[in-house]
Amino acid sequence: MPDKVETTLMLMAAGEFSMGILGNAFIGLVNCMGWIKNRKIASIDLILTSLAISRICLLCTILLDCFILVLYPDVYATGKQMRIIDFFWTLTNHLSVWFATCLSIFYFLKIANFFHPLFLWMKKRIDSVIPRILLGCLVLSVFISFFVTENLNDDFRYCVKTKKKTNLTVRCRVNKAQYASIKICLNLLTLFPFSVSLISFLFLILSLWRHTRQMKLSATGCRDFSIEAHVGAMKAVISFLLLFIAYCLAFLVATSSYFMPETELAVITGELIALIYPSSHSFILILGSNKLRQASLRVLWKVKYILNRRNF
């Protein structure tokens, strides 16, 4: 049975999971309802829906791994179940990162103001290629996931129960060389989409600086919607970058802890921090989208109305 500290951490993880499911499910539901109603879906809504679905799956995978590690550590005894968890974690993790990168690129192409022929060519065709890009991200993520799990031994990670006073401690042992090489490759693979998002963010800053300078020269004094669009896109991208850095650090804490004698508490703590990334970014996206923000306000108004009616 888990002790009080582990129980507290598990409850916190369940709370973060619930908030993440709520935010991402709301994004997916609003966009899918609009898709059914209009019989078509905008590129930005397709990206947000794909991102929300991937993060729901990622949240489920992280929470499942956390609960299995604490409550049913014998599940990992043979290593076969570990392959399944690692496959789905790798798949959903890469899908989430790649879809977020697609969102950053889309913001950059749609909002930034440049006159380079290549930029204008990409800006004109981005809407038509978005479905194929998302499908390509899915295929690439599945390939990476199969490659990772097929190169793991059955005894890649196994847990042995040991008695220590009144507590039940789980000690996980790994093939260190293989484990380290695989995790390094995984982190290096996510550097590419992260770098693309960072470059998109820097170009958005450059575009905003140029646009602001032009506005000062023209001195119109009118409300500039382009600046608002730039700022909104930059908030979404920079929040993704910062949260993803925290997610990677938490993942490193969780994975490196397997080299230590006592691993369970460190793994749960790392996964607890990792849950912040897919949970909180969804609410930032909701606040940054006028469509989603208005829909959330309508839902809150209806909830408030129902509660007031019950009180009276």
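The backbone N, Cα and C atoms fix where each Cβ goes, and this holds for glycine too.
The transmembrane segment annotation in TrEMBL covers 17-36, 48-72, 87-109, 129-148, 188-209, 236-259, 265-288. Among the features that TrEMBL reports, domain 'G-protein coupled receptors family 1 profile' is placed at 23-285.
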- For the transmembrane segment (265-288), distant same-chain residues with Cβ under 8 A (at least six beyond the ends): 5-6, 9-10, 12-13, 16-17, 19-20, 23-24, 26-27, 48, 51-52, 55, 58-59, 62-63, 65-66, 69-70, 96, 100, 172, 232-233, 235-236, 239-240, 243-244, 246-247, 249-255, 257-258, 296
- By a Cβ-Cβ criterion of under 8 Å, what residues six or more beyond either terminus of the transmembrane segment (188-209) are in contact with it? 93-94, 97-98, 100-101, 104-105, 107-108, 111-114, 144, 227, 230-231, 233-234, 237-238, 240-241, 244, 248
- For the domain 'G-protein coupled receptors family 1 profile' (23-285), the averaged pLDDT of the predicted model is 77
